[in-house]
Each structure stands twice: as C-alpha cells, then as structure tokens.
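The next block holds one structure in the form of structure tokens; read it before the comments.
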Amino acid sequence: MELCGNVMTNSKYEMFRLKCLYCSIESELKDWELFIVHVKSAHYCEDEDVRINEIKEDTEELYSVVDAADPAIAYGPDEFFEVIENSNGVDQWMEADSKDIQYEEDATAWSAATNNSWEFGPGGSSLELPAGKEVTQMDESSQNHIPLNTDDDDVDCSDFFMSEDDLAPPRKPGRPPRRTRPGQVFKFKVSFIRSNPRVLHLIQAYKEHPCLWNPSDEHYQDEPARSMAYEAIMERMDRKANVLFTVEELKKTLEQLHVQYTLALETKQRGKLVGLAARYFAKCEFLSVAPVVTPRENEEDNDLTAIKLNFKEENLITTSFIETYANYPVLYNQALPDFGSIEIRADAFKRMAKEFQPVVKANETDVYIAVNKLRRWLYDAIRRLKSKELIQKCSKQEVQYLQMCSFLPAKGSESQVLYCDYCDKRFHGDYNLRVHIVKAHEVGDLPYLCSFCPRRFDRHVDMDRHKLRSHFERKLKCQYCEKSFAVDTDLKVHTLIHTGERPHVCDICGKTFRLKLLLDHHVNGVHLNIRPYSCNMCTKTFRKKFELANHIKGHLNIRDKKCEYCDATFYDHSSLSRHRRSHRSE
C-alpha cells in the first residue's frame, strides 16, 4: 500500500475531504474513486521498482556487516517491536520480515501544506492507494515531537550511497514525469528499532570523522577541525539524505545516536539484542571507544519552578500534589458538565493552589505548570513501561506514582481539548484558550501570573525572563565592563556594544543594526512606511506601540518622566534624554 492522501476534517468532525499529498487537489470523501484516478494519472512514480531494489540491497548489506562483526548474535527477522500510542490510545505493532521489505516515509513536509481550516482526522487517518506487491508504509507517529522521540524521516537512498542517476532506468515513453518529494526535513529521530536509510547515512558520515567521537584522535580537542567535521556531515546529509541540519540540531541528533548505542549495548549484555537493533548496533561498533552517553533524565526543575516534582524517589511534594490533583475532577474528567468551562477551571486552579499552600507556597500558574509536567511525565512513563524499544525503563518508584495517577484519562481521549465560548475554536490546554480569549475577544486577563508580583504574561518563557530580570540575582557579568545580567541573551546583546558588531544588514539601504528587531522596525517604518498604530484622538499613526502610548500621554498631559537635576517633567523617555544632555553641556 502507498500513502497518497490525507483525510481532513473540521473541528466538529462533521465534514470530511480528501487532499492529495503531492498537490493542492481536494475532493469529497464520496468521490474517492476519482481521487485515486487523479493520483495514478497525475503523480505516477516510475522509480518505485528502483527504490525497492535499493532497500533490498541495503538490507543485505546490513546483514553482512553484522554477521562479520559479531557472529555470536542470533539474528531473526526484522522486528519493529516498538509500541506506539496513537491519538486514540491504541497500541500499534509494526512488523516486517525479510520477504516484505518496508520503509517509512515522513509526512511532515506534506502535512504542513494542508489548509489551515482543515485538520487531520482522528488518529491522523490517511488514504491508502494500492501500489503493487511490495509495501511502503508511513509511520504516523513520526510526526510526534517529544524528547528522544522526534520526527522520523526517510529518503530515496541506499546504504551504498549511490546517486539516483546511477540506479534509475531510462524514462518510459508516454509516462508523465515522476513525482518528487517536496521540501527538505530539518531533523529526524535516531532509532535502532526502525528501518531508516537516513540513520545509515548519518552513521557512515559520523564514522568518517573520528575527531568527533574518538578521544585518542589527534584532532579530538581541535575546535576548528571539529567544526569542519560538522560542516562536512551537514553537507553530506543535505546532499545524500535531503536533511538540512543546523549545527545545534546535528549535535542533538548525534547525541541520540550515542544514547541508542548505549542502550543497545546494555541490551546486548543481557543477551536480548536481536533483529534490526542488533544490526544497527553492529554498524556503530566504532563508538565503543567514544565516551559513554546515557539517556537524559526527565526535565529538571530550576529555581523558577515553585512546585518541584520528583518522580524518581518518594517525596512529600510529589505525593501531596497528586493527591490534591485527584480532588479536582473538573480538571481531568471530561464527563463532568463543567469540564469545558474556562471560568470554573480557572477557579479550580486557584482553590488547588490554596489547598496545596501548607506544602508549598504557590499560585494558580505554578499549579497549572506542575499539572502539565505531571501529565507529560505520566504519558511518557506509560509509553516506557509498555514499550520494548531502546529507551530507559521505569523505576519502581515511578511505577508507584503511576498507580497513584490511575484516575487520569488515557492519552488521546480529547481530555484536554477546550472550546472557545465566543467563536467555537478549540484549544489544547487552559492557558492557550485564555490567551486566545484575551487577544481575540478582549475578555479577561493574561493567564501566566508571576509568583513574586502581579504582572501577567501570555507565554511561559516571557514570565520566566521577567522573573530572572526582576526578582533574581544578576549572575552573568560582562567581560568588558562591570554590568551584569540575569538572562544570557541580554548579555550577548550588550556584548555587541563593546565589540561593535552589527550583524543585521538592511537589503535596501545597507544600514546595519545590532538586533533583528531594530532591522524589522527600520524596514517596516522607513522603507515600507507601515504604521499600524493609530491614535483615537487625532489622525496620527505610529510604527511602534510604545510611540502611540507616549503620544496618548501627551493628549492626557501625563508627565511621568522627571528630571533628577531639576523639576522638569516629560511624557516620554526620549524627551527626558534630550533634556538631560542640556544639563551635561552646562
């Protein structure tokens, strides 16, 4: 079977349409036969047989390498034994044997092109088209992005790294041009239990640069040599596997490769490493001399987190929080009539914070953040408990906390989907809906409340930056002056003043700026004359929101900026700065 389209639906699951994966054609569900005719005629793929031969050669080469490397390993058929939880909470078992070669295709690039007014149906259902005896399959779970479980991709390539021109037969007369897979991918998951030619390319490219993994290599500590090695791997992955890495994303992917090797080594030592995982492990045998990289622990709490949950060992905070959360079924039980009421849910978070105060002093935002962390840990732990893939297993204490969380619904049960009372749009999570209501309908307050002051924010990251800047010690010191900062990006921007770097250049006039934001303001205001902020009291318009706010202060005669040298007052900071210069000149 070959995936050729997606089934799209609206938010109420009342209307369904078919959308072609390779173009913008859509059709009604009842016209599926005409849709298949369109795919066969407009998007004939003539290199299908070539791809199957490449995959067979790739599989044979995998077997030969492993047999030569470790004859003690017993190899059975490929076992894609990962348990994947789909959106309906159903376990999907992916299997393949030596007779039915399978490979996965990434739907990320195709799905991104769908119309915003439509969504994938439940479970991300897709239409399948018969394509001969051989089988291809798209792993829909590859679109889920979680730590060590990022997008899973595939590409037209073999382990022999031959180009398409070397393998493709002459074009058949009378056939339309073959379809091409649109767009590049920017990341993919490294897994030893899924067949993915991109992983093979990565292993081969990484093996050719021992300065990145062999401590005894003479260039192991040579940063220029390591940078050149990263660039070479990025170039090769772009050319051979259609993956456009950044340096940071490449480093994360290589870390995944090391983690998979470490977990496979532990499994081999227990005598349980078989099938596809054993063959990938054999291809990575060169990593035996590399420093051991272990899986990262679950997300760590920092100083900004008020409720510090720890599932690795028994503790009062985690136990009390789970017990308190269980007392508020309106936050997790979809069967209750008040489950969808954003006002009642917000009040429940406040009451939960008040009830939890004898253990930890926290506000409703701290409770909401802790609830989200609990749910993320819960569903990840369930996956690790049920799965046979190469990931870290649950500890005994985690299993005990899992039993305490048995009151929570299964993942994918629409338990966190909430609807806006004003426009019927749906959102995942209370705070996403509350931000929408404030911005789109101008009702209520922004959800993220600072733990130390009354300020509110629309994003978690903005609240954390505010806490660091306003309520924590500034530990980052400038190497050129005595100033210190609480946020790393603030220090980097400040350092540009000392170094004189202005990396952002206007393409129209050549003027340079330290910040991308300043460049955008320059282009929009000077060259495009975009002035989106207009005064309600006069006809003036402004480029920036704060300029409008200062202008309105002038209308209202609000002069809150006062000179420290005299009694002069002003309604904006720029006027005060000009006035200060007059004092300095005197």
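Cβ from N, Cα, C; glycine included.
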Here Swiss-Prot annotates zinc finger, and of 72-95, 264-287, 504-527 the range meant is 504-527
Name the residue range among 124-146, 147-169, 561-583 that Swiss-Prot annotates as zinc finger. 561-583
Of 315-337, 361-383, 476-498, which span is tagged zinc finger by Swiss-Prot? 476-498
Where DSSP helix means H, G or I and strand means E or B, what are the helix, strand and coil counts for the zinc finger (448-471)? 12 helix, 4 strand, 8 coil
Mind checking which residues of the chain, 6+ beyond the ends of the zinc finger (533-555), have their Cβ under 8 Å from one of its Cβ atoms? 521, 524-525, 571-573
